[in-house]
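Trainee: Below you will find the structure I want to go over with you.
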Amino acid sequence: MAPFSFIKKFSNRKNENHQSENYEVNNNGIDLVDVDIDIEATASNDNNKKNPQIIYNEKSYSQDELQTTSPTIIDSIDDEAEKEQGKERSSSNGELKQGLKSRHIQLIALGGTIGTSLLVGTSSALANCGPAGLFISYLIISTFVYPIMNALGEMVCFLPGNGSDSAGSAAHLVHKYVDPSLGFAASWNYYYCFVILVAAEVSAASGVIEYWAWAEHVPKGAWITIFLSLIVILNFLPVNVYGESEFWFASIKILCITGLIILSFILFWGGGPKSDGILGFRYWKNPGSFAHHITGGGGGNFLDIYTGIIKGGFSVILGPELVCLTSSECADQRRNIAKASKRFVWRLMFFYILGSLSIGVIVAYNDPVLQNALAQSKAGAGSSPFVIGIQNAGIRAVPHIVNFCILTSAWSAGNAYMFASSRSLLTMARNGNAPKIFCRINQLGVPYTAVGASLLLSCLAYLNVSSSTADVFNWFSNISTISGFIGWICACVAYIRFRKAITYNKLTHRIPFRAKGQQYTIWYSLFWVSLITLTNGYAIFIPRNWNVKDFIAAYITLPIFIVLWIGHKVFTRTLLKAWLRPIDKIDVYTGLEEIEELTEELNANRQAPKNKWEKFMAILL
């Protein structure tokens, strides 16, 4: 029994021509033991007596059909009750509306991933790792984020769900393909991560706006209130309105970053007002390509790269999940999720790889302005490596423009994480892992109770108002980043189990979106993410670097996650049972025919682009 599913109701259908029996069918992995099913057997029909009709999931099957067809998976009584309760809740409280288009999905994901991390957060990575360490680390990060995005996209495209369920949630995939207890732990892990990131981005926005002198006269708490209010208002509007707003705000930051990369290219060739010739890779030679912040030599180069991977990994965390969380609320699900999955990673790689290369070209890792900005924890454009490099080139008008883009980036990312946190809480409630009150959806398709709960927890941003509580907030934020890596480990395991179930049921040919070699590259991603999770705090073990607070921030999430996982097993009395859902019990059939029929219908009615502009937009978005 799931922790929040205190009451399980089963309806015993009573009819003159129906009686309830328990059947056990041990063929092709089918197990109907202890499942309450209906038998239709009329006394006037001998054939029906010999081959009774089994009613399961509102469909009628003969016993012979069940013994000869591909495995139909029937979960435990708890799982079945949760499905029934979910249907009742969605019908009585409304459903999520499928109002998101492909362009909305792609920009929601990019908007959440490209927050302040690229424009501001890379300053610390550059100072610690050097330009080569920063660039190489993002190259490596891209290699293991790509399979994770493809894995989540493949699972969601296969069975994307609809407005009455949340099949696209990564935690739901863990629940379905791995184990309900692991799904419980992953659900709370993801939710905590998303909601803390809302607070972190809002807090960052309140600091960024103080770059302008006039904003300093307004209390930081007031700015936090304003930004949170705007986010909540948008999240209480219909999802198509939310998607449109996020599309345009995310577009601002993408245009800004694109412009900064182009400007960096111009400076590379000596195009700045203070240019003394071609800049090229001057700063890679002097002061050098690696910072050697821990030790020198080849070992120092390696540690610079590895530190860059750890710091850079925090920048892209949870981006793939944002794509998948929209699946229940997007139109033409298989097509749009597949498009978003393929294009998201390439665009992420474009911005972060070229962005990190540009930063290393225009500013040195030991630049006095950069070092001073980090030492004083300057907000916004004051600590942006892009701005520092551009100012060094003699361009003065850019900082204010960049600061505006940083402000919209932080707010847009917070907006995306509020969407993600509310949908995660909704999924948890539907799976019985959170109180049922969070299943409520209004007529606009908004899970208003889940949004409200996420708002309350996002108020942790106010901890940053006081310097005495700012350290506490930073501690919470550091923990949330490790939660994202743990979530990726769970997602990798879910995909491995998913592919085993697909192979077992011989459904490989019915997967609509696949990347070549995906079943192998996912192990590569699992290795990297596991390694980062276990060693993210390696620096504190170096002599004279020990710090209790940093140790707790680096590793406290792991035991908490394990306690949630094992605690759920103890509570549900499954500790001594299988820790993985048996392959033959993984349901890969329910909803498959429906989504295939819908996709065929949409493909048949889809109109081809009429002109070159429509073709260009179809390729772009």
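Cβ from N, Cα, C; glycine included.
Checked TrEMBL, it gives:
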- 104-575: domain 'Amino acid permease/ SLC12A' (DOMAIN)
- 107-140: transmembrane segment (TRANSMEM)
- 189-209: transmembrane segment (TRANSMEM)
- 221-241: transmembrane segment (TRANSMEM)
- 247-269: transmembrane segment (TRANSMEM)
- 344-365: transmembrane segment (TRANSMEM)
- 401-420: transmembrane segment (TRANSMEM)
- 441-463: transmembrane segment (TRANSMEM)
- 475-498: transmembrane segment (TRANSMEM)
- 519-540: transmembrane segment (TRANSMEM)
- 552-571: transmembrane segment (TRANSMEM)
Trainee: With a Cβ cut-off under 8 Å, give me the same-chain residues at least six positions beyond the ends of the transmembrane segment (552-571) that come close to it.
Mentor: 1, 3, 180-182, 184-185, 188-189, 475, 478-479, 482-483, 486, 533, 536-537, 540, 579
Trainee: Output the single range from 189-209, 221-241, 247-269, 441-463 maximising the number of Cβ pairs under 8 Å to the transmembrane segment (401-420).
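Mentor: Highest pair count goes to 189-209.
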Trainee: Residue list, the transmembrane segment (519-540) vs rest of chain: Cβ under 8 Å, 6 or more residues beyond ends.
Mentor: 140, 143-148, 150-151, 294, 306-307, 309-310, 313, 482, 485-486, 488-489, 492-493, 495-496, 499, 546-547, 550-551, 553-555, 558
Trainee: Which stretch, 107-140, 221-241, 247-269, tops the Cβ pairs under 8 Å count with the transmembrane segment (441-463)?
Mentor: 221-241
